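According to Swiss-Prot, the features are:
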ACT_SITE  Glu119  active site, proton acceptor
DOMAIN    125-364  domain 'Radical SAM core'
DISULFID  Cys132-Cys369  disulfide bond
BINDING   Cys139, Cys143, Cys146  [4Fe-4S] cluster binding site
BINDING   Gly193, Glu194, Ser225, Ser247, Leu248, His249, Asn326  S-adenosyl-L-methionine binding site
ACT_SITE  Cys369  active site, S-methylcysteine intermediate
Amino acid sequence: MLEPITSEHIVSENNSLTTQSVNAEQPAVAKINLLDLNRQQLREFFAKMGEKPFRADQVMKWMYHYCCDDFEQMTDINKVLRNKLQSVAEIRAPEVAEEQRSADGTIKWAIKVGDQQVETVYIPDGDRATLCVSSQVGCALECKFCSTAQQGFNRNLRVSEIIGQVWRAAKIIGALKVTGERPITNVVMMGMGEPLLNLNNVVPAMEIMLDDFGFGLSKRRVTLSTSGVVPALDKLGDMIDVALAISLHAPNDKIRDDIVPINRKYNIETFLAAVRRYLAKSNANQGRVTVEYVMLDHINDSTDDAHQLAEVLKDTPCKINLIPWNPFPGAPYGRSSNSRVDRFSKVLMEYGFTTIVRKTRGDDIDAACGQLAGEVIDRTKRTLKKKMAGEPISVRAV
(Lines of atoms letter the chains of each structure in order from A; the text may use other names.)
(Lines give C-alpha, C1' and ligand atoms only; values in the text may rest on other atoms or scores of the structure.)
Protein backbone atom coordinates (compact mmCIF):
# COMPACT_ATOMS: atom_id res chain seq x y z
CA MET A 1 0.00 0.00 0.00
CA LEU A 2 1.21 3.51 -0.80
CA GLU A 3 2.41 5.28 2.34
CA PRO A 4 0.16 8.27 3.21
CA ILE A 5 1.45 11.69 2.25
CA THR A 6 1.80 13.61 5.49
CA SER A 7 2.89 17.08 6.53
CA GLU A 8 6.41 15.68 6.88
CA HIS A 9 6.46 15.12 3.13
CA ILE A 10 4.85 18.28 1.77
CA VAL A 11 4.67 21.99 2.56
CA SER A 12 1.52 22.97 4.43
CA GLU A 13 -0.73 25.91 3.55
CA ASN A 14 0.51 27.99 6.49
CA ASN A 15 4.18 27.06 6.38
CA SER A 16 6.53 29.57 4.78
CA LEU A 17 9.88 28.82 3.23
CA THR A 18 11.70 30.79 5.92
CA THR A 19 11.26 28.02 8.46
CA GLN A 20 14.78 28.25 9.89
CA SER A 21 15.65 30.94 12.38
CA VAL A 22 18.28 33.40 11.22
CA ASN A 23 18.97 34.85 14.64
CA ALA A 24 22.64 35.80 14.66
CA GLU A 25 22.71 35.96 18.47
CA GLN A 26 22.74 32.18 18.86
CA PRO A 27 25.50 30.64 20.96
CA ALA A 28 28.49 29.27 19.08
CA VAL A 29 27.32 25.71 19.56
CA ALA A 30 24.27 26.47 17.40
CA LYS A 31 25.94 28.08 14.39
CA ILE A 32 23.68 28.63 11.42
CA ASN A 33 24.70 26.88 8.21
CA LEU A 34 24.64 29.57 5.51
CA LEU A 35 24.01 26.90 2.88
CA ASP A 36 20.50 26.65 4.34
CA LEU A 37 19.69 30.24 3.29
CA ASN A 38 18.68 31.64 -0.08
CA ARG A 39 19.75 35.22 -0.90
CA GLN A 40 16.75 36.89 0.73
CA GLN A 41 17.22 34.87 3.91
CA LEU A 42 20.96 35.57 3.86
CA ARG A 43 20.25 39.32 3.62
CA GLU A 44 17.90 39.03 6.60
CA PHE A 45 20.64 37.23 8.50
CA PHE A 46 23.11 40.06 7.82
CA ALA A 47 20.50 42.71 8.67
CA LYS A 48 20.10 41.11 12.11
CA MET A 49 23.87 41.50 12.48
CA GLY A 50 23.54 45.21 11.64
CA GLU A 51 25.19 44.76 8.24
CA LYS A 52 24.24 46.07 4.79
CA PRO A 53 22.51 43.73 2.30
CA PHE A 54 25.49 43.77 -0.08
CA ARG A 55 27.47 41.81 2.50
CA ALA A 56 25.15 38.86 1.86
CA ASP A 57 25.88 39.13 -1.86
CA GLN A 58 29.62 39.18 -1.21
CA VAL A 59 29.52 36.10 0.99
CA MET A 60 27.22 34.29 -1.42
CA LYS A 61 29.66 34.84 -4.29
CA TRP A 62 32.47 33.39 -2.22
CA MET A 63 30.32 30.41 -1.24
CA TYR A 64 29.12 29.47 -4.71
CA HIS A 65 31.47 31.05 -7.27
CA TYR A 66 34.62 30.00 -5.42
CA CYS A 67 33.17 27.10 -3.39
CA CYS A 68 34.77 28.74 -0.37
CA ASP A 69 33.78 27.51 3.08
CA ASP A 70 36.35 29.50 5.09
CA PHE A 71 35.42 33.05 6.11
CA GLU A 72 39.11 33.91 6.54
CA GLN A 73 39.64 33.51 2.79
CA MET A 74 36.95 36.10 1.96
CA THR A 75 39.46 38.90 1.51
CA ASP A 76 37.03 41.66 0.46
CA ILE A 77 35.22 41.37 3.81
CA ASN A 78 36.69 43.23 6.76
CA LYS A 79 38.38 41.32 9.56
CA VAL A 80 35.83 42.35 12.20
CA LEU A 81 32.94 40.93 10.18
CA ARG A 82 34.89 37.78 9.33
CA ASN A 83 35.47 37.17 13.03
CA LYS A 84 31.81 37.81 13.79
CA LEU A 85 30.78 35.31 11.10
CA GLN A 86 33.16 32.71 12.51
CA SER A 87 31.36 32.93 15.86
CA VAL A 88 27.76 32.63 14.64
CA ALA A 89 27.82 30.90 11.24
CA GLU A 90 29.37 28.14 9.19
CA ILE A 91 29.41 26.94 5.59
CA ARG A 92 29.06 23.19 5.87
CA ALA A 93 28.26 21.01 2.86
CA PRO A 94 27.70 17.27 3.23
CA GLU A 95 30.83 15.18 2.80
CA VAL A 96 31.52 12.44 0.26
CA ALA A 97 31.51 8.98 1.82
CA GLU A 98 32.51 7.16 -1.35
CA GLU A 99 33.22 7.94 -5.00
CA GLN A 100 32.79 5.61 -7.98
CA ARG A 101 33.84 6.42 -11.54
CA SER A 102 32.30 4.83 -14.61
CA ALA A 103 34.14 3.93 -17.78
CA ASP A 104 31.97 6.51 -19.59
CA GLY A 105 33.10 9.37 -17.31
CA THR A 106 30.06 9.36 -15.04
CA ILE A 107 30.86 9.84 -11.34
CA LYS A 108 28.63 8.69 -8.50
CA TRP A 109 29.11 10.04 -5.01
CA ALA A 110 27.63 8.58 -1.85
CA ILE A 111 26.94 11.72 0.18
CA LYS A 112 26.77 11.63 3.99
CA VAL A 113 23.65 13.27 5.40
CA GLY A 114 23.72 12.75 9.14
CA ASP A 115 23.98 9.02 9.82
CA GLN A 116 22.60 8.15 6.38
CA GLN A 117 23.60 8.54 2.75
CA VAL A 118 22.11 9.69 -0.52
CA GLU A 119 23.55 9.47 -4.00
CA THR A 120 24.54 12.23 -6.40
CA VAL A 121 25.57 11.57 -10.00
CA TYR A 122 27.76 13.74 -12.25
CA ILE A 123 27.29 13.14 -15.99
CA PRO A 124 29.72 14.89 -18.35
CA ASP A 125 28.75 14.99 -22.02
CA GLY A 126 30.77 17.25 -24.29
CA ASP A 127 30.19 20.84 -23.22
CA ARG A 128 27.38 19.78 -20.86
CA ALA A 129 27.91 18.65 -17.29
CA THR A 130 24.70 17.47 -15.63
CA LEU A 131 24.33 16.79 -11.92
CA CYS A 132 21.56 14.47 -10.74
CA VAL A 133 20.57 15.56 -7.22
CA SER A 134 18.63 13.78 -4.47
CA SER A 135 15.86 15.46 -2.46
CA GLN A 136 15.00 12.81 0.14
CA VAL A 137 16.51 9.85 1.92
CA GLY A 138 14.42 7.08 0.39
CA CYS A 139 11.03 7.72 -1.18
CA ALA A 140 7.39 7.25 -0.22
CA LEU A 141 5.97 6.61 -3.68
CA GLU A 142 6.76 2.90 -4.14
CA CYS A 143 7.33 2.93 -7.91
CA LYS A 144 8.01 -0.75 -8.53
CA PHE A 145 10.78 -0.32 -11.10
CA CYS A 146 12.88 2.02 -8.93
CA SER A 147 15.58 0.92 -6.51
CA THR A 148 15.14 3.94 -4.21
CA ALA A 149 11.47 3.12 -3.71
CA GLN A 150 12.33 -0.24 -2.17
CA GLN A 151 13.69 1.56 0.91
CA GLY A 152 10.59 3.49 1.80
CA PHE A 153 10.70 7.07 3.03
CA ASN A 154 13.21 8.03 5.72
CA ARG A 155 13.33 11.83 5.78
CA ASN A 156 13.44 15.03 3.74
CA LEU A 157 16.80 16.62 3.00
CA ARG A 158 17.50 20.13 4.28
CA VAL A 159 18.32 22.99 1.92
CA SER A 160 22.00 22.67 2.82
CA GLU A 161 21.91 18.95 2.04
CA ILE A 162 20.36 19.58 -1.40
CA ILE A 163 22.36 22.61 -2.56
CA GLY A 164 25.29 21.07 -0.70
CA GLN A 165 25.36 18.24 -3.25
CA VAL A 166 25.84 20.82 -6.01
CA TRP A 167 28.41 22.69 -3.90
CA ARG A 168 30.38 19.53 -3.15
CA ALA A 169 30.38 18.43 -6.81
CA ALA A 170 31.50 21.89 -7.95
CA LYS A 171 34.25 21.87 -5.31
CA ILE A 172 35.53 18.52 -6.61
CA ILE A 173 35.24 19.32 -10.32
CA GLY A 174 36.55 22.89 -9.96
CA ALA A 175 34.73 26.09 -9.00
CA LEU A 176 33.82 28.66 -11.68
CA LYS A 177 36.15 31.36 -10.38
CA VAL A 178 38.98 28.85 -9.97
CA THR A 179 38.88 27.19 -13.41
CA GLY A 180 37.06 29.82 -15.47
CA GLU A 181 34.51 27.22 -16.59
CA ARG A 182 31.19 26.18 -15.11
CA PRO A 183 31.70 22.86 -13.30
CA ILE A 184 27.98 22.11 -13.67
CA THR A 185 25.80 23.37 -16.54
CA ASN A 186 22.59 21.50 -15.73
CA VAL A 187 20.93 20.21 -12.56
CA VAL A 188 18.20 17.59 -12.61
CA MET A 189 16.17 16.86 -9.48
CA MET A 190 15.95 13.20 -10.46
CA GLY A 191 17.96 11.53 -7.72
CA MET A 192 16.57 9.80 -4.65
CA GLY A 193 13.14 10.98 -3.51
CA GLU A 194 10.10 12.84 -4.85
CA PRO A 195 11.04 16.55 -4.98
CA LEU A 196 7.44 17.77 -4.71
CA LEU A 197 7.14 16.08 -1.32
CA ASN A 198 9.92 18.34 -0.01
CA LEU A 199 8.96 21.74 -1.43
CA ASN A 200 10.06 23.67 1.67
CA ASN A 201 13.65 22.69 1.03
CA VAL A 202 13.76 21.95 -2.70
CA VAL A 203 12.49 25.38 -3.80
CA PRO A 204 15.05 27.46 -1.82
CA ALA A 205 17.79 25.12 -3.05
CA MET A 206 16.70 25.67 -6.65
CA GLU A 207 16.54 29.43 -6.02
CA ILE A 208 20.23 29.28 -5.10
CA MET A 209 20.97 27.28 -8.25
CA LEU A 210 19.34 30.03 -10.34
CA ASP A 211 20.65 33.05 -8.41
CA ASP A 212 23.42 35.05 -10.11
CA PHE A 213 25.20 35.13 -6.75
CA GLY A 214 24.64 31.38 -6.42
CA PHE A 215 25.38 28.96 -9.25
CA GLY A 216 23.81 31.25 -11.86
CA LEU A 217 22.11 28.52 -13.89
CA SER A 218 19.40 29.26 -16.43
CA LYS A 219 15.91 28.21 -15.34
CA ARG A 220 15.82 26.06 -18.48
CA ARG A 221 18.82 24.15 -17.16
CA VAL A 222 17.33 23.26 -13.77
CA THR A 223 14.82 20.44 -14.11
CA LEU A 224 12.45 19.06 -11.50
CA SER A 225 11.04 15.60 -12.11
CA THR A 226 7.83 14.43 -10.44
CA SER A 227 5.73 11.28 -10.38
CA GLY A 228 2.54 13.29 -10.00
CA VAL A 229 1.88 14.89 -6.62
CA VAL A 230 -0.77 17.17 -8.10
CA PRO A 231 -1.44 19.64 -5.22
CA ALA A 232 2.30 20.24 -4.84
CA LEU A 233 2.73 20.70 -8.60
CA ASP A 234 0.12 23.45 -8.48
CA LYS A 235 2.02 25.06 -5.59
CA LEU A 236 5.31 24.80 -7.47
CA GLY A 237 3.99 26.95 -10.31
CA ASP A 238 3.35 29.78 -7.84
CA MET A 239 6.76 29.46 -6.19
CA ILE A 240 9.40 29.10 -8.92
CA ASP A 241 9.80 28.62 -12.66
CA VAL A 242 12.05 25.73 -13.68
CA ALA A 243 11.96 23.06 -16.35
CA LEU A 244 9.53 20.23 -15.63
CA ALA A 245 9.84 16.53 -16.35
CA ILE A 246 7.13 14.02 -15.50
CA SER A 247 7.61 10.36 -14.66
CA LEU A 248 4.67 8.93 -16.59
CA HIS A 249 5.87 5.41 -17.46
CA ALA A 250 2.48 4.06 -18.55
CA PRO A 251 -0.06 4.64 -21.32
CA ASN A 252 -3.14 4.04 -19.17
CA ASP A 253 -4.32 4.05 -15.56
CA LYS A 254 -4.44 0.26 -15.28
CA ILE A 255 -0.71 -0.13 -15.85
CA ARG A 256 0.24 3.06 -13.99
CA ASP A 257 -1.85 2.14 -10.93
CA ASP A 258 0.37 -0.93 -10.62
CA ILE A 259 3.84 0.45 -11.33
CA VAL A 260 3.40 4.06 -10.07
CA PRO A 261 0.94 3.68 -7.17
CA ILE A 262 0.40 7.42 -6.60
CA ASN A 263 -1.67 7.18 -9.80
CA ARG A 264 -4.44 5.65 -7.69
CA LYS A 265 -4.76 9.03 -5.98
CA TYR A 266 -3.99 11.32 -8.93
CA ASN A 267 -4.69 9.53 -12.20
CA ILE A 268 -3.14 10.31 -15.57
CA GLU A 269 -5.89 12.72 -16.62
CA THR A 270 -5.63 14.66 -13.34
CA PHE A 271 -1.83 14.68 -13.51
CA LEU A 272 -1.66 15.92 -17.10
CA ALA A 273 -4.21 18.65 -16.37
CA ALA A 274 -1.91 19.90 -13.59
CA VAL A 275 1.04 19.73 -15.99
CA ARG A 276 -0.80 21.93 -18.49
CA ARG A 277 -1.59 24.42 -15.70
CA TYR A 278 2.11 24.56 -14.85
CA LEU A 279 3.10 25.02 -18.50
CA ALA A 280 0.67 27.94 -18.78
CA LYS A 281 2.62 29.76 -16.02
CA SER A 282 6.11 28.72 -17.05
CA ASN A 283 8.66 30.31 -19.35
CA ALA A 284 11.37 27.78 -18.53
CA ASN A 285 9.62 24.96 -20.38
CA GLN A 286 9.10 26.86 -23.65
CA GLY A 287 5.59 25.48 -23.82
CA ARG A 288 6.27 21.77 -23.44
CA VAL A 289 7.07 19.22 -20.77
CA THR A 290 9.52 16.32 -20.87
CA VAL A 291 7.75 12.97 -20.48
CA GLU A 292 9.87 10.19 -18.98
CA TYR A 293 8.85 6.66 -19.89
CA VAL A 294 10.82 3.68 -18.59
CA MET A 295 10.66 0.69 -20.95
CA LEU A 296 9.64 -2.51 -19.14
CA ASP A 297 9.65 -5.71 -21.16
CA HIS A 298 6.09 -6.81 -22.04
CA ILE A 299 4.65 -4.48 -19.38
CA ASN A 300 4.33 -1.11 -21.11
CA ASP A 301 6.32 -1.46 -24.34
CA SER A 302 3.99 -2.88 -27.01
CA THR A 303 3.01 -0.97 -30.15
CA ASP A 304 -0.53 -0.85 -28.76
CA ASP A 305 0.89 0.82 -25.63
CA ALA A 306 2.63 3.35 -27.89
CA HIS A 307 -0.64 4.18 -29.68
CA GLN A 308 -2.39 4.59 -26.30
CA LEU A 309 0.41 6.85 -25.05
CA ALA A 310 0.16 9.04 -28.13
CA GLU A 311 -3.58 9.37 -27.59
CA VAL A 312 -3.28 10.25 -23.90
CA LEU A 313 -0.61 12.89 -24.62
CA LYS A 314 -2.31 14.49 -27.62
CA ASP A 315 -3.39 17.59 -25.64
CA THR A 316 -0.15 18.00 -23.68
CA PRO A 317 2.76 19.59 -25.59
CA CYS A 318 5.76 17.42 -24.83
CA LYS A 319 8.87 15.63 -25.89
CA ILE A 320 9.23 12.00 -24.85
CA ASN A 321 12.30 10.34 -23.34
CA LEU A 322 12.22 6.55 -23.59
CA ILE A 323 14.42 5.14 -20.83
CA PRO A 324 15.87 1.62 -21.03
CA TRP A 325 15.11 0.09 -17.64
CA ASN A 326 18.13 -0.49 -15.42
CA PRO A 327 17.91 -3.62 -13.26
CA PHE A 328 18.54 -3.92 -9.53
CA PRO A 329 18.53 -6.98 -7.24
CA GLY A 330 15.10 -8.48 -6.62
CA ALA A 331 13.30 -6.43 -9.26
CA PRO A 332 10.38 -8.19 -11.01
CA TYR A 333 10.99 -6.71 -14.48
CA GLY A 334 13.15 -7.12 -17.54
CA ARG A 335 14.58 -4.50 -19.88
CA SER A 336 12.75 -4.06 -23.18
CA SER A 337 14.69 -5.34 -26.18
CA ASN A 338 16.17 -2.82 -28.59
CA SER A 339 13.71 -3.93 -31.26
CA ARG A 340 10.70 -3.30 -29.00
CA VAL A 341 12.05 0.12 -28.00
CA ASP A 342 12.65 0.95 -31.66
CA ARG A 343 9.12 -0.03 -32.70
CA PHE A 344 7.65 1.93 -29.78
CA SER A 345 9.67 5.00 -30.70
CA LYS A 346 8.65 4.84 -34.36
CA VAL A 347 4.95 4.79 -33.47
CA LEU A 348 5.33 7.92 -31.35
CA MET A 349 7.29 9.72 -34.06
CA GLU A 350 4.59 8.86 -36.59
CA TYR A 351 2.22 10.85 -34.37
CA GLY A 352 4.62 13.79 -34.53
CA PHE A 353 6.16 13.51 -31.05
CA THR A 354 9.81 14.37 -30.56
CA THR A 355 11.04 11.06 -29.16
CA ILE A 356 14.49 10.32 -27.75
CA VAL A 357 15.84 7.00 -26.50
CA ARG A 358 17.93 8.02 -23.52
CA LYS A 359 21.50 6.83 -23.56
CA THR A 360 22.24 4.82 -20.43
CA ARG A 361 25.10 6.35 -18.44
CA GLY A 362 26.90 4.99 -15.40
CA ASP A 363 25.14 1.62 -15.29
CA ASP A 364 28.45 -0.11 -14.50
CA ILE A 365 28.49 1.74 -11.14
CA ASP A 366 24.71 1.54 -10.52
CA ALA A 367 24.38 5.26 -11.27
CA ALA A 368 21.82 4.95 -14.05
CA CYS A 369 18.16 5.98 -13.91
CA GLY A 370 16.26 4.00 -11.28
CA GLN A 371 19.36 2.47 -9.69
CA LEU A 372 20.10 5.00 -6.95
CA ALA A 373 19.70 3.52 -3.51
CA GLY A 374 22.25 4.94 -1.12
CA GLU A 375 23.07 3.52 2.27
CA VAL A 376 20.47 4.31 4.90
CA ILE A 377 19.42 3.36 8.35
CA ASP A 378 15.96 2.20 7.40
CA ARG A 379 13.32 3.22 9.92
CA THR A 380 10.32 2.87 7.63
CA LYS A 381 7.07 1.18 8.50
CA ARG A 382 7.27 -0.70 5.22
CA THR A 383 10.51 -2.45 6.18
CA LEU A 384 9.10 -3.28 9.61
CA LYS A 385 6.07 -4.89 7.96
CA LYS A 386 8.35 -6.90 5.65
CA LYS A 387 10.42 -8.08 8.60
CA MET A 388 7.30 -9.16 10.47
CA ALA A 389 5.98 -10.96 7.39
CA GLY A 390 9.30 -12.66 6.74
CA GLU A 391 9.60 -11.04 3.31
CA PRO A 392 13.00 -10.26 1.74
CA ILE A 393 14.21 -6.69 2.16
CA SER A 394 16.07 -5.09 -0.74
CA VAL A 395 18.17 -2.15 0.43
CA ARG A 396 21.45 -2.01 -1.48
CA ALA A 397 24.47 -0.27 -0.05
CA VAL A 398 26.69 1.73 -2.37
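We count from 1, first residue shown onward.
Every residue, even glycine, has its Cβ placed from backbone N, Cα and C.
Annotated features, which come from Swiss-Prot, shown on the structure.
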residue : record                               : DSSP class
Glu119  : active site, proton acceptor         : strand
Cys132  : disulfide bond                       : strand
Cys139  : [4Fe-4S] cluster binding site        : coil
Cys146  : [4Fe-4S] cluster binding site        : coil
Gly193  : S-adenosyl-L-methionine binding site : coil
Ser225  : S-adenosyl-L-methionine binding site : strand
Ser247  : S-adenosyl-L-methionine binding site : strand
Asn326  : S-adenosyl-L-methionine binding site : coil
Cys146 ([4Fe-4S] cluster binding site) versus Ser247 (S-adenosyl-L-methionine binding site) - Cα distance in angstrom: 11
Cys146 ([4Fe-4S] cluster binding site) to Asn326 (S-adenosyl-L-methionine binding site) - Cα separation in whole Å: 9
Cα-nearest neighbour of Glu194 (S-adenosyl-L-methionine binding site) within the listed recorded positions, Glu119, Cys132, Cys139, Cys143: Cys139
Top Cα neighbour of Cys139 ([4Fe-4S] cluster binding site) in the set of recorded positions Glu119, Leu248, His249, Asn326: Glu119
CB contacts for Leu248 (S-adenosyl-L-methionine binding site) [other CB atoms within 10 A, all chains]: 28
Nearest of the recorded positions (Glu119, Cys132, Cys143) to His249 (S-adenosyl-L-methionine binding site) - Cα to Cα: Cys143
Residue among recorded positions Cys132, Cys139, Cys143, Cys146 with least C-beta crowding, 10 angstrom cut-off: Cys143
Spatial separation of Cys143 ([4Fe-4S] cluster binding site) from Gly193 (S-adenosyl-L-methionine binding site) - C-alpha basis, Å: 11
For the domain 'Radical SAM core' (125-364), the mean pLDDT of the predicted model: 94
From recorded positions Glu119, Cys132, Cys143, the one whose Cα lies nearest Ser225 (S-adenosyl-L-methionine binding site): Cys132
